[in-house]
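Visitor: My structure is below; once you've seen it, I'll send some questions.
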Amino acid sequence: MDNLVVGRFRWYVSPEEYPDMPQLVLHMVSQVIGMQEVDQQKMMEFILMVKKCYRNNPYHNFEHAFNVTHCMFNILQRNRDIFIDLEYKSLLISALCHDLDHSGFTNNFLQLTDDTLAQLYDESPLENHHYRTAMLILSICPIYPNMSQEMYKELSTEMKEAILATDLASYFKFRIKLMQLIQENQLDWSNNRHRTLCKAIIMTGCDLSGSCKPFLVAKNICENICKEFYNQGDLEKQMGLVPLSLMDREKSQNVPEDQVQFLTVVVLPCVELLKSILPNTEDLFLLATSLRETWQEIIQLKGHKSWRQDDSVLAVH
């Protein structure tokens, strides 16, 4: 709890604390949103229902949702002068709900297999489903009892924009637009379009914050992602397809290289952009930079020897 109050980006929930995650989420809600406008009983029911609606995936599970929520908590707490009341209420809950009922497969795979979600939604099928599921739970557990119908519609819009922003395909589009505004010195937080872009990057940064942790924590997260990816890769092989390297368990020796690539192309540009709009998030950038350096050291030390799940990396520290 003290770590949460201090607001350290590097903190990550330990296995011993897993049972406490719902209570810790409630604590974050009380700190960011305050309990005066929240039905505490409904909020606890909401959190528990959200937890139940996360599947038992290796990576896309409630632990991941909790970590993303904790990162959002830190960002909101550090920037109390920037966000308005509705944004506190929407962003923290969006972080918690952003991967609800995730199947453990990518959007590309859902579209490739003509999954029901891909039939329902032309773009971002997973993210649209996460949002719809979140709104369904909110309708069952009205956590903001005093919110007007008009304000609730605004909350719904904010949550939809936030959750859909976690589709990496959308992130690359948002990043280009926001970078241009920053480079031209035109970013204006009072401009709603600019503000939406900033919130989208914040959501992505939180979603990627598992790559902004100390190495041993990030390595464990990486192993869980690999388990999920390899499951998809196995199915793709059964379908006669050639999976991406990072989804092929027979290419597990490429994990360090894949991680360096992911950090370089996706994570670091995101958290560097986040640092540009919110300088007090610099720790995320520094942690991701350190993580990339460690993976690079592993590549240099091990050469092309197979990277095994049980390899000790303490020697590189």
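Cβ atoms here come from the backbone N, Cα and C positions, even for glycine.
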Visitor: Which residue of Asp207, Asp234, Asp248 does TrEMBL report at the same Zn(2+) 1 site as His64, His98, Asp99?
Guide: Asp207
Visitor: Do you know which of the binding-site residues Asn61, Gln259 has the most other C-beta atoms within 10 angstroms of its C-beta?
Guide: Gln259
Visitor: Take the mean position of the Cβ atoms of His64, His98, Asp99, Asp207, the recorded Zn(2+) 1 site. Which other residues of that chain put their Cβ within 8 Å of it?
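Guide: Checked against the 8 Å cutoff, the neighbours are His60, Ala65, Val68, Ala95, His102, Thr166, Cys206.
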Visitor: Select one residue from Glu63, Asp99: among these binding-site residues, choose the one with the most other Cβ atoms within 10 Å of its Cβ.
Guide: Asp99
Visitor: What does the structure give for the C-alpha distance between Phe62 (AMP binding site) and His98 (Zn(2+) 1 binding site)? Integer Å is fine.
Guide: 10
Visitor: Cα of Gln259 (AMP binding site) to Cα of His98 (Zn(2+) 1 binding site): how many Å, rounded?
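Guide: Cα of Gln259 (AMP binding site) to Cα of His98 (Zn(2+) 1 binding site) measures 23 Å after rounding.
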Visitor: Could you check the binding-site residues His60, His64, His98 and say which one's CB has the most other CB atoms within 10 Å?
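Guide: Sorting the candidates by Cβ neighbours within 10 Å, the top entry is His98.
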